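To start, the structure itself, in structure tokens.
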Ligand SMILES: *[C@@H]1O[C@H](CO)[C@@H](O)[C@H](O)[C@H]1NC(C)=O
């Protein structure tokens with residue numbers, strides 16, 4: 001007994017759907033909502049997540065798993081319109097007073113004015129390594145991919161696969177490097193109008209609330225994930241000539257603050273890792 005062509009096409013469709021769900025990211029499976037009640041939502045069968053902020057509260061989520069090295073990708077679409085005073089934080093962090101942390105923070109702005117992407121790196125509980133950037137696109141119109149490549153040699157921050165920041169392992173200069181504390185992924189949307197927009201001068205316009213940011217297509221490539229075989233590039237990843245060129249392009253045209261050039265802030269001398277931060 002054979003299949004009719006109708007039965008055959010139904011079978012093909014069902015198989016195709018099974019493959020698609022197996023490979024699509026699922027927020028229900030990988031993340032927990034940690035605060036903000038109904039303000040944080042997973043929907044479309046776990047393929048989309050949204051965080052929102054109103055006058056009463058923001059919201060947040062965290063990964064179920066911890067990660068130690070890997071490549072972590074997430075697509076975000078940030079709060080549109082007048083988002084001044086709102087901050088969307090997306091970061092990896094371990095726990096405790098000597099924690100390590102890799103930070104992306106998106107500082108909202110008035111309609112038509114650019115977001116600031118604020119980044120920082122904590123090692124053994126010590127941060128103070130801020131770098132800030134404008135983006136070369138409007139991060140509220142579409143989803144864009146924000147990634148971290150973390151291996152024992154370096155940490156690379158990427159936006160749509162363009163490296164924007166490189167933190168090299170500088171243990172030989174006495175700078176601790178994140179390498180034994182596993183990190184979870186966290187994100188939250190909150191109100192920071194006491195400092196975020198022009199140092200707190202522009203206040204959140206609550207008549208525009210709720211403010212909402214969206215997440216999709218989470219991917220984690222680690223040495224234990226099943227897809228690591230085809231995506232193990234992160235383990236050895238160093239910047240090739242083309243990536244270095246793109247990193248220089250970002251740093252030249254879009255970087256608005258770099259702790260490594262802030263001589264006023266470090267009158268005793270710049271932090272040691274700044275010496276090998278040349279690309
Ligand atoms: C908001 O826009 C102003 C004017 O372009 C800019 O100076 C500022 O850096 C932007 N970002 C924030 C978070 O204030």
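Cβ atoms are placed via backbone N, Cα and C, with glycine included.
Feature annotations, reproduced from TrEMBL:
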ACT_SITE  101  active site, nucleophile
ACT_SITE  105  active site, proton donor
DOMAIN    21-215  domain 'GH16'
CARBOHYD  109  N-linked glycosylation site
SIGNAL    1-24  signal peptide
Segment-level pLDDT (mean, integer) for the domain 'GH16' (21-215): 96
Where the C-beta lies under 6 angstroms from ligand 1, the matching recorded positions among 101, 105, 109: 109
Same-chain residues at least 6 apart in sequence whose Cβ lies under 8 Å from the residue listed as 'active site, proton donor': 87, 88, 89, 90, 91, 117, 118, 119, 120
Long-range Cβ environment of the residue listed as 'N-linked glycosylation site', under 8 Å and at least 6 residues apart: 83, 84, 115, 116, 197, 202
Protein Cβ atoms within 10 Å of residue 101 (active site, nucleophile), excluding its own: 19
